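Everything below concerns the one structure shown next.
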Amino acid sequence: MEKVTNSAAAKPQGNNKKQESAYNGAGKDKKKPNLDIETTDSDLLSDMHLDGTTEQKVGTLFSKVFEDTDYGTGPSTSSKEAAAAKTADHERRLQAEADVNNNDAEKAGQLAKESVATQGASATERKQAFSLGLEHTSPIQVNGAALACPLVRKSLPPGEANSCPPPPKRDPAAVKSAVKIIKVKAPEEGNNNNDEKEMSTETSEPHKTDSVEEGRRVVMWIIFPIKTKFFFKYFWEQTACLVQRTNPKYFQSLISFKMLDEILIRHNLDFTVNLDVTTYKNGKRETLNPEGRALPPAVWGFYSEGCSIRLLHASAYLTRLREVCTVLQEFFHCKVGANMYLTPPNSQGFAPHYDDIEAFVIQVEGRKRWLLYDPPKEADHLARISSGNYNQEQLGKPIIDEVLSAGDVLYFPRGTVHQAITEEQQHSLHITLSVYQQQAYANLLETLMPMVLKKAVDRSVALRRGLPLHTFQILGNAYKANDCGSRQLLVENVQKLVAKYLMPSEDDIDEAVDQMAKKFQHEALPPIVLPSEEVRTVHGARSGADDQGNCVCDYKFNEKTSVRLLRANILRLVTEPDGSVRIYHHVDNGLDYCKYEPYFMEILPEKAKAVELLISAYPYYLTIDQLPLKSSARKVEVATALWEHGLLMTEKPFK
């Protein structure tokens, strides 16, 4: 391995065998376990200076992800409250359906008027301007008790929320929806569930797991009890999917109100760059970001005024959330984004719009009403670019109108118009996981066809010949009515050139996919190395000095050492147009989006076969003497270089 430079890619290849999970597991005992450590909200926050003990705490918590869910504990008091709230919602909808079925139009109309009146009465407007002063930093309070903000600042006066009246509730009978609503109840203790066991499988050997399979397990955890195959066959890129649970603690380890306050204190976040303050009132969407650092008094001041808070790239500050994203990116083979949204009661932060991502809305705290609409035009289905804001008058009937409570998940495809409003007595904290942005066939063709054209032009003189002199006089919109023979002949000639020279070969497609995979390597989050993996990688290596002052490393490779890639998608082997061979990887990427230039190693072409074998062998180990290189010294050299860059892991620790 010669040159080490900064510049991005990795789509794995190989046999992805089903492995046991190192990340997701709750053991087979359905009773809630007693953890050996105490984990507070602050333990779940990312800190550049965490010591090994804290890192181990976080790792242990991640492996116990299912032990605090429906599958391990059964309904709690808060679960019963959430279930009661859902029952009330259901009864309200049944009543509305009965009104419609009985043709009781007057009664149904009265219910709608009462709903609008209640919402309007609670949507009081503050006339004073937004301020960063301490006089506006209090939480929303009712009769002196904090209702929306768990961080009560008693020394400050109460503030009233700016709110946006939500659209009137539609009769469910009038909503023709293709949405499948899955309502989930927590499994009872002692109930043997094969799916639950599959998700809860633990292993004492995480260094032998398959990272793609681990990603599938996290997807399974998010959408449980829906099977992943069923989800991708009937919902993915097709229609929305709602999973409702009775366990409000299902996602509590990802983030909390208190964690956000700690993030604001511990990290230097800037408005606009890291955090947005938004509001949607009277049909107008505004971003109220001041300049400078987003300090807690300023942020909570905006929140107490009824503004929504959006934390961008939340995985950079939350270790547990980053673990989820790094595992998911192995499954989806693309960047996994995570934004956090905090909305006070009776408020709306964003206008109706659609996005260019597949969205998983994870409700962590509180409740929020979501309204989804079909894409306005056929061209907006599976949109490649996010839309602007829509007026309420531009929207048709919603395909779904449901309230998400803590523990619920809502998936919808890109191009789905959506808006969300909090209820009068409930704040909302949710995370949106975004995947598959710019991952369409169109993106592949945008990369592929310029490459194909360039190669064809270099090979064929026919494409380099000049256009006929009369081309501008017979072709163009103004000349469509000119049905002369020379016009038709020129059109046919262009079509023949395209058919003959611009059909991509298999090699062309491989090259284009490699270029797209480079982009993933640049955007991906760096992997989180588990403790059992650390002792098998360069991250656990230590060096010292002998009596003469010479550096002594605590590792040494030989032909019998067994190695494999750290992750299935940890690197991408790319042959560049100039013929150079590079290994792009994301081991050293920053936590912020594309913080650094892409990382790569440039290698000799004859060494590429060794890397290809490591890719195809994953998730299995192979000995260094199996690498297809001529000499033993060259085999050890290649393996050592890859290991020292954090790309390989040994089967056994050196110590």
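Each residue, glycine too, has its Cβ placed from N, Cα and C.
Of the residues HIS313, HIS333, HIS381, HIS418, Swiss-Prot places HIS418 in the same Fe cation site as HIS353, ASP355. Across the binding-site residues listed here (HIS353, HIS418), the residue whose Cβ sits among the most other Cβ atoms within 10 Å is HIS418.
All protein chains considered, the CB of ASP355 (Fe cation binding site) has 20 other CB atoms within 10 Å. Using the Cβ center of HIS353, ASP355, HIS418 for Fe cation, the list of other same-chain residues with Cβ within 8 Å runs, in sequence order, PHE350, PRO352, TYR354, ALA359, SER386, SER387, THR416, VAL417, GLN419. The secondary structure of ASP355 (Fe cation binding site), as reduced to three states from DSSP, is coil rather than helix or strand.
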